[in-house]
Amino acid sequence: MAALSAWFWNERFWLPHNVTWADLADPAPGVEYPKAGHLLAALPLALGIFIVRIIFERFIASVCARGLHIQPGAGRRAQPNAVLEKVFTSITKNPDSRHLDGLSKQLDWEVRKVQRWFRHRRNQDKPSTHTKFCESMWRFSFYLGIFIYGFQFLWQCPWMWDTRHCWYNYPYQVMTPGLYHYYVTELAFYWSLMFSQFTDIKRKDFLIMFIHHLATVSLISFSYANNMARVGSLVLCVHDASDFLLEAAKMANYSKYQRLCDSLFIVFSVVFFITRLIIFPVWVLNSTMFESWAIIGPYPSWWVFNVLLLLLQVMHIFWAYLIFRIAFKAIMRGKVCNDVRSDIESSSEEESHSPTEGLKASTHTPKGENGTNGHCAAARARTQNHSSW
């Protein structure tokens, strides 16, 4: 284990030339440099955040949902049928025409009635609008709170106004309590998302979102371990700026305030484009790639960090394209289209499914459900995300 640890924490990878771990191990009195062990505090904090979330959704968000007439009642349930239930649980939840014809003859039902039974059966396992509203309200509250905290903290920091301060005297930069709390809270939140993903609303991109949360945790931890927390705090703030707007749009959608939903989505789209396609590359990437090169020079972990940020920018461009597509269709149709990530299918008796186009990004936006006209789109890029690198 000692050999593995020595290989992993190789100074020539993590630190600039002529800097060793020993140089950072014994700072002056009252001075604290980042240490990887500090990040362990995020694990119990993540558990605490998860518990707070359960309490918040059950006692605060639920009350707000009822106040907006969003009831926790279940939707239409499929009538009991042993034959169809066996097919649903053992063979397929989405029978093709061959299965439908066979079941129709076996039960002496019309094919349309069999289709409707499977649709109702799929929907009855899905969470209600009430559950989704509570989930979105929790994320909205956290994203808004952490963005306000981060912005207020960075407002007082010199590196927000001159990003070259991210690299002056690097890596001998003090880890202040405010920066530490900001970083560890963000890290803990994404750890909590990884935990809660197994109990949250299940979506088609479960694996993609799990990998996204894992990558976010890795990026935050990586930037903290080699003391790039100053520029990392800028990255976090830029990504937090649009996440709460997306969750607010989803809440408006679940509450059937369609005009408010569409307006919030437009504001979200504008903020997303400005922060992810202008501020991030011009302000953050310019600093990490060019200002840092001029001040401290490149080294292995510097290359890794910048490659990861460039990949993140590629994802921003892809997500922006998806948002633009949703916005374009909204203009053409007069409303925002549904998200392909929806976990609720249409339950209209006529089986008329509206076309769904949207995002498969670090977002969590279902479409309108169970006969509602909610069509507010979703895009949580946290990231998320949220987010959310």
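Keep in mind that glycine also has a Cβ here, set from the backbone N, Cα and C atoms.
All TrEMBL annotations are machine predictions without curation.
Noted in TrEMBL for the protein shown:
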TRANSMEM  36-56  transmembrane segment
DOMAIN    84-128  domain 'Homeobox'
DNA_BIND  86-129  DNA-binding region
DOMAIN    131-332  domain 'TLC'
TRANSMEM  140-161  transmembrane segment
TRANSMEM  181-199  transmembrane segment
TRANSMEM  264-283  transmembrane segment
TRANSMEM  303-324  transmembrane segment
REGION    346-389  region 'Disordered'
COMPBIAS  362-373  compositional bias 'Polar residues'
So, taking each listed stretch (36-56, 140-161, 181-199, 264-283) in turn and counting its Cβ pairs to the transmembrane segment (303-324) that are under 8 angstroms, which one gives the highest count?
264-283
Residue numbers, six or more beyond the limits of the transmembrane segment (181-199), whose CB comes under 8 Å of its CB atoms:
38-39, 41-43, 45-50, 53, 142, 146, 149-150, 153, 206, 209-210, 213-214, 216-217, 220-221, 224, 229, 232-233, 236, 382, 384, 386-388
Take the transmembrane segment (36-56) and find every residue of the same chain, 6 or more past its ends, with a Cβ under 8 Å from one of its Cβ atoms.
137-138, 141-142, 175, 180, 184-185, 187-189, 191-192, 195-196, 221, 224-225
I'd like the per-state residue tally for the domain 'Homeobox' (84-128) from DSSP, helix first, then strand, then coil.
32 helix, 0 strand, 13 coil
